[in-house]
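K.L.:
Just lifted these from TrEMBL, have a look:
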COILED    34-94  coiled coil
COMPBIAS  114-124  compositional bias 'Basic and acidic residues'
DOMAIN    117-184  domain 'T-SNARE coiled-coil homology'
REGION    104-124  region 'Disordered'
Amino acid sequence: MSSDFEAYEQDFGTLTAEITNKIGRIPKLGGEEKTQLVLNVDKQLEEVRELMEQMDLEVREIPIQSRGMYQSRLKSYKGEMEKLEKDFKRSRIAYSDEVRNELLGEDAGSSESQRAHLLDNTEKLERSSRRLEAGYQIAVETEQVGQEILANLHSDREKIQRSRERLRETDANLGKSSRILTGMLRR
């Protein structure tokens, strides 16, 4: 199983190197060649996503003793994949800006700063959304734990009430026994 994972790692390394090279070339090309390169990179990114899914399945089948090491490697690959997707997105935005500027004849200086500002705001919004989602998950889990605790407390209360009732009955029986014994001693 780990040999399959290592083969996937090699494929991942090869594909990401090719993608990185192509992403760097996108802004330098023009016309149909650039369009074809964008489509090619998009296709290769899809292949990398499928490869990551295969790697994830392989990690799940690895024995627990060595799974942690593979999970950390997979996590770093996922981070690298996210970085590649961001770089590709930025190169595509640059590409679409160039096409728009060619068609409209606008100056790219102001739109470049606007685009950078927009990308920063988009990333902040995505991070905030992830934090909110994580907070919501924690709140749901906390609510479930609270419900379980309340159920346990209710059960414990019933047990304590039953024990208290038995103790009262035993005390009453002891009182009767004591009176009987006292009466027998007097006779």
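Just so you know, glycine gets a Cβ as well, placed from its N, Cα and C.
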K.L.:
If you run through the domain 'T-SNARE coiled-coil homology' (117-184) with DSSP, how many residues end up as helix, strand and coil?
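P.N.:
Computed counts for the domain 'T-SNARE coiled-coil homology' (117-184) are 68 helix, 0 strand, 0 coil.
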K.L.:
Along the domain 'T-SNARE coiled-coil homology' (117-184), what average pLDDT does this model show?
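P.N.:
Per the prediction, mean pLDDT sits at 91 for the domain 'T-SNARE coiled-coil homology' (117-184).
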